[in-house]
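Working notes, beginning with the structure itself.
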Amino acid sequence: MLTTFLLGLTFFTRIPVPGKLNFSEEKFNRAPIFLPAYGLVTGGILALIIELFGRSFPGFFWAGVIIAGQIYLSGALHIDGLLDSLDAIYSNRDREKRLEILKDSRVGSMAVAFFGAFLILKYGSYASFTPKVQAFTVLISEIILRGTGYLVIYSFPYVGSSLGRGFKDNASTAGLIFTLGQTLIFTLGAAAFFNFSLIKILIILLLAYLFAFVVAARWQQFFGGLTGDNYGGIMELTGLFVPVAVLLINNIGVV
């Protein structure tokens, strides 16, 4: 299990692992069961930085740090999937052509435009928070977006033969329960630590999982299934949904 965790950590994040790992495809393909734990690590790093130095700089500065930190710690892995997915979806081509576009390394104008709007909305959400709320939100966002990733892998058919095929073939009901448990424990723990309403965090968690499922179901219609790029894209969109949800739920005074 430790080897599986570390192999996944080197793939899903840029966090260095000491020593040399003996690669095992079988163990690597099981790594998504630790997706929420990887989110705890990356989100924890960013939250700790903000907690330690949050009072030294204004909130709009930390909003930029959060976005840059998320991109760096993930190696832009999910962003690449988001851009490829948007290019394919908004190409208005048939299913086979869309799948070809997913494999194209070039980025189209639609993807660039949508990604610009994505960054503005994400930045605006985080910039609206105090440093303490920023630290809390980036922590739960990193956990939840990866937790929903396993839900999507498990719930929808895979199309193609790229890297994500191994993740899909090894997804199981036990793995789904395990990742749900991690996500629930980690987010509730974060809420308790930051003195955030447990009811609110449960609402956000439920809405985020529902959001990821609905997006995945819609994208499945475009591609006849999902690919590894789609997995990353859906996780990125969920990573935007969470801070927006925190902002809206706090402002409208839900519970």
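Every residue gets a Cβ built from N, Cα and C, even glycine.
Taken verbatim from Swiss-Prot:
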TRANSMEM  33-53  transmembrane segment
TRANSMEM  57-77  transmembrane segment
TRANSMEM  107-127  transmembrane segment
TRANSMEM  136-156  transmembrane segment
TRANSMEM  174-194  transmembrane segment
TRANSMEM  196-216  transmembrane segment
TRANSMEM  234-254  transmembrane segment
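Stretch with the largest number of CB pairs closer than 8 A to the transmembrane segment (136-156), among 33-53, 57-77, 234-254: 33-53. Recorded stretches compared: 33-53, 174-194, 196-216, 234-254; the one with the most Cβ pairs under 8 Å to the transmembrane segment (107-127) is 234-254. Packing against the transmembrane segment (57-77) from elsewhere in the chain are residues 11-15, 42, 45-46, 49-50, 119, 122-131, 134, 138, 142, 232, 239: each is 6 or more residues past its ends and has a CB under 8 Å from a CB in it. Through the fold, the transmembrane segment (174-194) approaches residues 30, 32-37, 39-40, 132-133, 135-136, 139-140, 143-144, 147, 150-151, 154, 200-201, 205 of its own chain, all at least 6 residues removed from its boundaries and within a Cβ separation under 8 Å.
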